[in-house]
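Peer 1: Per TrEMBL, the features are:
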- 91-108: compositional bias 'Polar residues' (COMPBIAS)
- 1-26: domain 'WIBG Mago-binding' (DOMAIN)
- 83-119: region 'Disordered' (REGION)
- 136-155: region 'Disordered' (REGION)
Amino acid sequence: GSYIPASQRPDGTWRKARRVKEGYVPQEEVPLYESKGKQWANRKTLYPIGFSPMPVSPAENVNEGNSTNKFLTLFIFLAKKKKKKKKPGPSSGNEKQAQKSVAPSTTKAPEPTVVVEPAKKLKNLRKKLREIETLEQKIKSKELKNPEKDQLDKIARKPDILSEILALELTVK
């Protein structure tokens, strides 16, 4: 067999050399298991599709004005902000001011990245339609005498949901 050489533990004590079978890998050297979801999350980029993380050179930036430079600094700021959220710490007033000016653009960015499969969306909409119809039945049968505002809003959205279902059925087929 082979030998694992003597090594020092984190607390400072020494392990003696050990004889092991061929092919044995010590537990400390075995890589941690990562699920498929975690691997996928680690592969995701910090930047939107088509955005280059390389800074724009000043010569190219003169023709385009300050819009791309502002976008670049804004995006770098947002990436740093996300990293800082993971590590809580004291924040300065400048970050708070910058966050207020950035807030409108951050709410618009996540929407296009969320792509739901049409079949799943259709299933979800049909479920909502069933819920609306059961609410209507309860109101008609006087089982639900005083519907809440959100329940009435849900019933009011029925035509929109029906039109979405029809549109999705046409795209799926």
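Every residue gets a Cβ built from N, Cα and C, even glycine.
Note: TrEMBL annotation is automatic and uncurated.
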Peer 1: At a C-beta cut-off of under 8 Å, are there same-chain residues at least 6 beyond the region 'Disordered' (136-155) that contact it? List them, or none.
Peer 2: 128
Peer 1: Over the domain 'WIBG Mago-binding' (1-26), what does the predicted model average in pLDDT?
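Peer 2: In the predicted model, the domain 'WIBG Mago-binding' (1-26) has a mean pLDDT of 89.
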Peer 1: Please list, for the region 'Disordered' (136-155), how many residues fall into helix, strand and coil according to DSSP.
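Peer 2: Split by secondary structure, the region 'Disordered' (136-155) comes out as 12 helix, 0 strand, 8 coil.
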